[in-house]
Amino acid sequence: MSERLARALRLKTDPPVYFATVGIVLAFVVVTIVAGDWVSDVFGTASDWILTNLGWFYILGVTLFLIFLIFVAFSRYGHARLGSDEDRPEYSTLAWFGMLFAAGIGTILMFWGVAEPISHFANPPIGDTPAESAEAARQAMAITHYHFGLHTWTIFALPALCFAYFIYKRKMPPRVSSIFSPLLGARVYGPIGKIIDVAALIGTVFGVATSVGLGTLQINAGLAELFGVEVSPAVQITIIVAVTAVASVSVALGLDRGIKFLSNLNILMAIALLVFIILAGPTVLVLKGTIESIGVYLGALPELAFWNNAVPNSPDNQAWQNTWTVFYWAWTITWSPFVGIFIARISRGRTIRQFVTGVLGLPVAFSLIWFGAFGTSAFHIEQDGNGGLVQAVAVDGDIPGALFEFLSNYPAATFMSGLAIIIVVLFFTTSVDSAAMVTDMIASGREPALAPTHQKLIWTGLMGAVAAVLLGATGEGGLAALQQTIIVVGLPFFIMGFVMMFSLGVALKNDLGDPVPTVTRQWDSADTVEDWERNEDAPSPEPIGPIHHIPDGNGESIPISPAVVGAALDEYARQHPEELGQLVDDSEESAARTDTDRDESPPQDGDHPRN
């Protein structure tokens, strides 16, 4: 039935995977509208249990992922190319970086660039650090870099490397299930593989929808700051429809003309905003603060990478970590199938070492500079300027409007706020169109260029619809419910991360490791070469017996050794020479007759000499 429906809709996809995903997502939306409180209670209880009992698992897991990637990159497997040996990178480093950044956490940087440093500055989570102090500022920058630095991009890089290797090196379909081929074999093409792909698609849709909701709230806050537009679900739905339409146009144009163009434009505008913040503010202070924040982050990284706040009787700090670090990792993991396959798609032809150093280098460096500049500038405004950021973010909870409150302290505030809105819209758009392209790849198992345009547009509309319906039905409560949902949905993916490491390790060892020696049947009693040579050089042993038995006159068996038998034969030949001579003549005649028969027989093909 699903195949007939797919043909009727002119879809070139895997019908069971496609319709199962769409059906589950739509069912969730409908149930949320009809029984939103019940859904919120169910997923809220489940997410609370995960955050409370498995927070340590997320924190340790992401750190192990990072260690694994660094090991693979600088091991003997680092030279392996993601594709055939003749493949070379399809995109320049700048274009590659732009698409990496835009498809990754571009929207998140705009949303949290000011809000997160100020949040930790006002409420330091580690130790008894005084709020709004110099030490609080250092701690805030270290934690912010931790949340958006190496660890976040590690969550993207691990599945991306696995996808790139199995899709372009092993020539497997562009699906999440392909990564599990060393473990499942041909079963990745059966029901188990389809279940894995459906789960990946559901997680991707929810993860992107959450970012769509965050981006929508920030755009609405910016429009309210500039034009006095009301902050309401109706306005937010209008924003989602408009941005989804732009994303649909980008999807229709394809990767090179659509996504690549918007990504390059986006990164250039983001760089322009960053340069403006550095030059228009206290430039020297911002540069010094940015550099210092990177050093503080690198110095604190070993502690933060394993920090679980295992201090007795500190429930407040435990709640903080669940709200921030654990939630970030759980949320980011739902993005990993989409971002991973997209990064793999644009990274074909690069070596494993180039891939890992690039993904963990360029975007991370930009993120550190971005947060360093915005965070240092925000601290300066709060302590030496007009202030108001702590009140807006930490007291009033206006996180979506934090960026525009921040920009109001700069020259040309209205223009720069308008530019910021455009950047958010572009980041928003590139995230949705990239996600639509990748979800279609997972569902169909083929490159997006081979899929009909309307098939890819369905995914764009679905992601926008999920966020729009939730925000329209319950306002920000719907977004909170979705955030709780992706924590639950993200847990299976996090477990898959460990399976991905094992699967990639097996594949690298089988494909690129030491050749497996040929194994033949072995006997425990077999002599070595040295034993055979020693036996050849040794003299023949004396005959051992008895080995012959002849009856005597009474019928008793008499043992006779080989030497005795030889002597008896010699004595018989001496006493009966005529019989021995006849035996010799018969043997010679038989041998001569055999030679004559061989000479007279017709030659065979194999008897002719090779000329």
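Glycine is no exception: its Cβ is also placed from the backbone N, Cα and C atoms.
As written in TrEMBL, here are the features:
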type	residues	note
TRANSMEM	16-35	transmembrane segment
TRANSMEM	55-74	transmembrane segment
TRANSMEM	94-115	transmembrane segment
TRANSMEM	148-168	transmembrane segment
TRANSMEM	195-214	transmembrane segment
TRANSMEM	234-255	transmembrane segment
TRANSMEM	267-287	transmembrane segment
TRANSMEM	326-344	transmembrane segment
TRANSMEM	356-381	transmembrane segment
TRANSMEM	412-436	transmembrane segment
TRANSMEM	457-474	transmembrane segment
TRANSMEM	486-508	transmembrane segment
REGION	524-562	region 'Disordered'
REGION	574-611	region 'Disordered'
COMPBIAS	590-611	compositional bias 'Basic and acidic residues'
Distant-in-sequence neighbours of the transmembrane segment (234-255), which means Cβ under 8 A and at least six residues beyond its ends: 212, 215-217, 219-220, 223, 261-262, 345-346, 425, 428-430, 432-433, 436-437, 448-449, 453, 456-457, 460-461, 463-464, 467-468, 471-472
Recorded stretch that, among 55-74, 326-344, 356-381, 457-474, has the most CB pairs under 8 Å to the transmembrane segment (267-287): 356-381
CB contact flag for the transmembrane segment (457-474) and the transmembrane segment (148-168), at least three pairs under 8 A: no
Highest-contact recorded stretch vs the transmembrane segment (195-214), from 16-35, 55-74, 148-168, 326-344, 356-381, CB pairs under 8 Å: 326-344
Positions on the same chain near the transmembrane segment (16-35), where near means CB under 8 A and six or more residues out: 2, 5-6, 194, 197-198, 201-202, 205-206, 442-444, 458, 462, 465-466, 469-470, 473-474, 478, 481, 485
